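Okay, structure first, notes after.
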Amino acid sequence: IGNTVLHILVLQPNKTFACHMYSLILSYDRSKEGPGSLELIPNNEGLSPFKLAGVEGNTVMFQYLMQKRKQNLWSFGPLSTVLYDITEIDSWAEDQSFLELIVSTKKREARQILDLTPVKELVSLKWNMYGRPYFCFLALFYILYMVCFTMCCVYRPLKPRTGNRTSSRDNTLYVQKMLQESYVTYEDELRLVGELITVIGAVVILVLEIPDILRVGAAKYFGQTILGGPFHIIVITYACMILVTMVMRLTSTTGEVVPMSFALVLGWCNVMYFARGFQMLGPFTIMIQKMIFGDLMRFCWLMAVVILGFASAFYIIFQTENPENLGQFYNYPMSLFTTFELFLTIIDGPANYDVDLPFMYSVVYFAFAIIATLLMLNLLIAMMGDTHWRVAHEQDELWRAQVVATTVMLERKLPRCLWPRSGICGREFGLGDRWYLRIEDRVDPNKHKMMRYTEAFKAQDRDNNDKGSEKLESNGGTLCKKDLSALSLSRNTSRTSSHRGWEILRRNT
């Protein structure tokens with residue numbers, strides 16, 4: 001019951017009342033340390049009161065709980081050293097990491113905790129010492145891997161076509177070699193080494209991604225943009241396309257160009273994932289994801305309807321015409337593709353001034369240009385501009401959240417020998433098995449001096465008001481007007497004194 005009350009207090013809107021009641025309940029806790037403590041008992045979602053405060057973005061309760069956990073090591077003048085307990089904050093050996101919970105929640109208030117002590121210092125320590133070097137090395141390794149895969153695709157085994165053309169539009173010169181013909185020369189063996197590296201890399205990607213999907217859940221793993229959800233879809237699809245290409249090569253099945261081309265596009269697009277390691281480029285990946293999976297997905301439904309309608313009209317208009325004079329609409333699939341290019345203004349309106357074109361083509365094309373180019377494209381630009389404005393106001397928070405998510409990901413993937421635990425064990429200071437982060441704090445004496453000035457001015461105002469009240473009570477009713485005027489003079493004097501004091505404070509500041 002006590003643990004349930006603690007979780008309820010974390011969700012209370014009255015933060016001051018919740019903090020006082022939280023301390024009151026813990027004062028009756030008999031087992032203040034160990035697994036039986038009320039603060040360490042999780043709820044049905046596996047969240048302790050401390051983790052729940054972070055997920056809900058309750059910064060007041062989080063700071064209150066951190067103040068209870070800190071240990072003052074020493075202080076000398078304005079300098080002081082504090083040990084902060086990071087047992088539940090650090091993602092080391094945690095199945096449900098506190099940092100991962102913060103960046104995966106949909107509440108913006110939770111990301112503000114990343115700016116608070118000691119979370120900010122812990123993330124900065126992990127990222128600067130281990131996260132950034134490992135992430136840059138991983139980015140370089142992935143780019144070299146994609147270069148290897150690209151070269152294998154460019155020099156894939158082809159041979160000249162031997163059969164006769166069956167159509168005047170047939171433009172094929174080379175065809176794919178059979179498996180027995182693909183690995184004969186020294187160049188083929190060199191390409192085989194690159195292909196083996198590509199296949200091994202695809203298998204490693206699947207081995208690393210599938211456990212996280214099972215642990216977090218597909219909806220959360222692929223749906224969170226800060227966690228890199230769309231990029232996880234891209235890299236898993238890329239790995240699957242590599243394996244499909246390998247099967248088609250081994251079985252000598254024609255058409256390997258389809259999965260190979262998809263793999264090339266997806267693999268190189270995944271390079272944008274590594275932009276999150278840089279503060280200048282990280283927020284732009286969030287913008288691209290939100291535009292593609294937000295604005296563009298909604299816009300594509302409208303675009304599909306418009307293209308389908310006008311492409312059908314163009315095909316019907318040119319169905320009776322000679323396709324050699326205007327071949328952009330010679331069949332229905334080509335009409336769809338040409339209309340798509342016209343929609344995005346990639347090409348101009350097709351025309352052949354040597355022959356007479358149908359009159360309805362001009363009418364339909366005029367309506368298409370008004371609806372598609374002037375109306376819908378400007379609507380898409382306005383939608384993307386609004387998304388850019390919203391993300392630009394949160395770019396610093398989003399980049400810090402990306403850094404945290406990347407740090408937690410690397411800490412889980414890398415071996416323990418390459419990523420030692422951050423902080424100091426409490427045994428060195430007689431504080432048990434908990435881990436602490438040492439933070440040096442410098443207190444600005446000018447800040448406390450200005451606070452004393454402020455309190456002095458407030459006290460002076462209270463004294464002047466009290467004197468005016470005493471004078472009003474000491475005199476009788478016959479001197480009412482005289483007393484009111486004296487009180488007004490006293491208030492004016494107090495107001496002038498207070499105003500002078502604040503002016504001195506502003507100039508000093």
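Placement of Cβ uses the backbone N, Cα and C atoms for every residue, glycine included.
TrEMBL annotations: computationally assigned, not manually curated.
Taken straight from TrEMBL:
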| type | residues | note |
| --- | --- | --- |
| DOMAIN | 135-394 | domain 'Ion transport' |
| TRANSMEM | 134-158 | transmembrane segment |
| TRANSMEM | 192-210 | transmembrane segment |
| TRANSMEM | 231-251 | transmembrane segment |
| TRANSMEM | 257-275 | transmembrane segment |
| TRANSMEM | 296-318 | transmembrane segment |
| TRANSMEM | 359-381 | transmembrane segment |
Closest-packing stretch to the transmembrane segment (296-318), where packing means Cβ pairs under 8 Å, from 192-210, 231-251, 257-275, 359-381:
359-381
Surrounding residues of the transmembrane segment (359-381) on its own chain - C-beta under 8 Å, 6+ positions past either end:
295-296, 299, 302-303, 306, 310, 313-314, 317-318, 339, 342-345, 349
Please indicate, using numbers and ranges, the residues of the same chain that are 6 or more beyond the transmembrane segment (134-158) and have a C-beta under 8 Å from a C-beta there.
174-177, 181-183, 187-188, 191, 194-195, 197-198, 201, 242, 256, 260, 263-264, 267-268, 270-271, 274, 277, 406, 410, 414, 418-419
Per-residue pLDDT averaged over the domain 'Ion transport' (135-394), given as an integer:
84
